[in-house]
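S.K.: Handing you this structure, nothing more for now.
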Amino acid sequence: MDHRRTRLQATLQYGISPGKYEYSATGSTSSYTYVTYESGEIHDVVIGPLKPNTVYYYRCGLESAPEFSFKTPPDQFPINFAVTGDLGQTDWTRSTLQHIEKSNYDVLLLPGDLSYADLDQSLWDSFGRLVEPLASQRPWMVTQGNHEVEEIPLLHPHAFTSYNARWHMPFEESGSDSNLYYSFEVAGVHVIMLGSYTSFHPTSLQYKWLQADLRKVNRRKTPWIVVLIHAPWYNSNTAHQGEPESEDMKAAMEGLLYGARVDVVFAGHVHAYERFTRVYKDQANRCGPVHITIGDGGNHEGLASEYIDPQPKISVFREASFGHGHFEVVNATHARMDVAQERR
């Protein structure tokens, strides 16, 4: 096995006052190998229950460990999501993170392509250090992109080893069998993370899980449904046209999202920003979700600046620039999307 648990027990102490840890929890410690690389110890601890909208102070392991703090999200509207995809580790990435850090966000949503390690495992380490100041203070909820696959025929025939080991999302709690797709609820918003690079056809486990998950949503209690994918289903950029993870996944799953009256679908992959009107089956539809591509976090591959001309009527706005978005759900019926863009 590439990802293995050790006998060591992970311990986390936490409380609501600096230096005072009224609570403690234990979990597992693991590591993984990737060709010749061996990771350090990865600690995985589940804590709670936690009070909403509260700052907690915590430390991992020994008494000499540094103290961190994090703020829990509110349990009612309004709630503010920071949204950015295709981050990487460039100066543009750092600028994006600096702007997000200054904002009053509650939860960060990342639709895939995190570190751009692309087989170089040391870049997963440096990415962890880069995002630690933010990811240690707020929930970072992510899904995977193509740069997380990292599968090498014969040498390393297992996909997502590093991603699954380092970014354990709460998939078990949502009844999912895989870290590649899951859901969670926060302050009246049901967020679904889907896997563009694992099986999504009607006979797949992911499809059946999505069906069951959507059926469970109580729209009186949870009036909003937001979905994240990596490869966009709607895209008027010349980049990434006709890819199966976009076209085939859309053909398989768009009807499920439409039937459940999903509100917004965020995607990455295309290194630009684009917002579509409410849409279903390539036509404007007042009951369809708004599709937003926001793969402009700062990656080293640069921007996707070429667009199909003329602009499709269902495409409301498009621009190739680095940045991020703030998606504020104000109440049960209204939300606002603000986009911070930096010129190249």
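Yeah, the Cβs are placed from backbone N, Cα and C, and that goes for glycine too.
TrEMBL: automatically predicted annotations, no manual curation.
Grabbed the feature section from TrEMBL, which reads as follows:
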type   : residues : note
DOMAIN : 9-72     : domain 'Purple acid phosphatase N-terminal'
DOMAIN : 80-273   : domain 'Calcineurin-like phosphoesterase'
DOMAIN : 288-338  : domain 'Purple acid phosphatase C-terminal'
S.K.: Which residue counts does DSSP yield for the domain 'Purple acid phosphatase C-terminal' (288-338) in the helix, strand and coil classes, in that order?
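M.R.: The breakdown for the domain 'Purple acid phosphatase C-terminal' (288-338) reads 0 helix, 23 strand, 28 coil.
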S.K.: Considering every residue in the domain 'Purple acid phosphatase N-terminal' (9-72), what is the mean pLDDT value?
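M.R.: Result for the domain 'Purple acid phosphatase N-terminal' (9-72): average pLDDT 95.
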